[in-house]
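A quick write-up on the structure given underneath.
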Amino acid sequence: MALIVHKYGGTSMGSTERIRNVAKRVAKWARAGHQMVVVPSAMSGETNRLLGLASELAPSAAKTSYYRELDMLAATGEQASSALLAIALQAEGMESVSYAGWQVPVRTDSSYTKARIESIDDARVRKDLDAGRVVIITGFQGIDPEGNITTLGRGGSDTSAVAVAAALKADECLIYTDVDGVYTTDPRVVPAAKRLGTVSFEEMLEMASLGSKVLQIRSVEFAGKYKVPMRVLSSFTPWDIDLEEEAKSGTLITFEEDEKMEKAVVSGIAFNRGEAKISVLGVPDTPGIAAGILGPVADANIEVDVIIQNISKDGKTDFSFTVNQGDYQRALDLLREKVAPALGAAEVVGNPNIAKVSIVGIGMRSHVGVASTMFRALSQENVNIQMISTSEIKTSVVIDEKYLELAVRALHTAFGLDKSE
Ligand code: ADP
Ligand code: ASP
Ligand code: MG
């Protein structure tokens, strides 16, 4: 008997029929003798629908003063899907109970809309498991020290599931989704993408942080910190397939490096459409310029990604960086109204439609020339590179958003990742 955590994403919970299928699958695992905890997302589209209602009432709902209520609102999506799953399980003859984050409780800090899990109390859940119940815990949410409901950021149910698995010292955390594993790149963009049987924790961390939304990055961080065995697999297989076969399907996230294994130089391509670029032009090139520009941006709670500073000419330099598209206007206004006049910059310009494409692979550590293969493949397609950023196991380029799909496909082919058919 093992303790297993299942997580089901929005599409997997997308209708009563799909919820019934999830219930049948979970019941199969429970009847095989496992203790089961299930973490569902809201039904697909529900979180967007709820947040859309908020912005109808307050078009500037992105303001931080609204964040507490946005969390209160968005958390209802997971509460509904969790209760529906408990009802479906009971209708299947399984004893089952659902809990909202605050009832467990899942304790978080107070950063509304992107809270971090601090601890999870396992007492209540263990009591239910010992009594033979399937326990359902809402994904995406928790409670802060003052008793407010918080949410964990978009895609946060992955993190809830892994954190619950870590707290319960579960034998495995299975992330069920609408694709049958982690692919070399998003299979919806590159049909030739291949499923990976295993992917190393480090590569998965890079892929997630560089935009592969198949797993929220914090879930991968949690899995690494607590060594939670984790697998990504499909919820769209027939629920009654052989359990042993199902348990081995999909993609396993591995923590041990197998030295004997020949590493692919590039194992995946990640991308992020939602970025924007801002350039502060003609700033006096004096010490403290980066802090002078990025300090106020950070104080405004705007995350900065790729940064470049040009060499100076006549004592002046240009400074560019990328932010999330959602923060673009706020960042631009702040720089134009406050930062540029204070620093004596000539001009602030921006482009809200850029994308970042990254190649990721542990094998890049021991291979030279990987970046130049990347740049050549992009130049052959006439894709202009605006910014470059590298680390030991990834190289990212910032390009015009309209060339994104072309770039991803070209790189997928250039690094020999296309499936052979
Ligand atoms: P869920 O609702 O189950 O959490 P998500 O939509 O958050 O599902 O994540 C699954 C989606 O991630 C897939 O449908 C796929 O389009 C996308 N995706 C992006 N990159 C990858 C990748 N490398 N491998 C698999 N899926 C990916
Ligand atoms: N429902 C939340 C979202 O849409 C969390 C999740 O699905 O993981 O972002
Ligand atoms: Mg997701």
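Cβ from N, Cα, C; glycine included.
Some features that TrEMBL has for this protein:
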| type | residues | note |
| --- | --- | --- |
| BINDING | Lys7, Tyr8, Gly9, Gly10, Thr177, Asp178, Tyr183, Arg188, Lys213, Val214 | ATP binding site |
| BINDING | Thr47, Glu78 | substrate binding site |
| DOMAIN | 278-353 | domain 'ACT' |
| DOMAIN | 359-421 | domain 'ACT' |
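Mapped onto this structure are the features recorded in TrEMBL.
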| residue | record | contacts (Cβ under 8 Å, 6+ apart) |
| --- | --- | --- |
| Lys7 | ATP binding site | Val38, Val39, Pro40, Ser41, Gly139, Ser157, Asp158, Ser160, Ala161, Cys173, Leu174, Ile175, Tyr176 |
| Gly9 | ATP binding site | Ser41, Ser44, Ser157, Ile175, Tyr176, Thr177, Asp178, Ser235 |
| Thr47 | substrate binding site | Gly10, Ala74, Gly77, Phe140, Arg154 |
| Glu78 | substrate binding site | Pro40, Ser41, Ala42, Ala100, Thr138, Gly139, Phe140, Gln141, Ser157 |
| Tyr183 | ATP binding site | Ala193, Lys194, Arg195, Leu196, Val214, Gly268 |
| Lys213 | ATP binding site | Gly155 |
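Taken in sequence order, the binding-site residues Lys7, Gly9, Thr47, Glu78, Tyr183 that lie near ligand 3, meaning a CB under 6 Å from one of its atoms, are Gly9. Neighbours of Thr177 (ATP binding site), defined as other CB atoms within 10 A of its CB across all chains, total 23. Annotation note: Gly9 (ATP binding site) sits in a coil segment as assigned by DSSP. In this structure, Thr177 are the binding-site residues from Lys7, Thr47, Glu78, Thr177 whose C-beta falls under 6 Å of some atom of ligand 1. Summarising the ATP site geometry, the residues cited as binding it (Lys7, Tyr8, Gly9, Gly10, Thr177, Asp178, Tyr183, Arg188, Lys213, Val214) extend over a maximum Cα to Cα distance of 21 Å. With a CB cut-off of under 6 A applied against ligand 2, the binding-site residues Lys7, Thr47, Thr177, Tyr183, Lys213 are reduced to Thr47.
Here the domain 'ACT' (278-353) is broken down by DSSP into helix, strand and coil counts: 30 helix, 30 strand, 16 coil.
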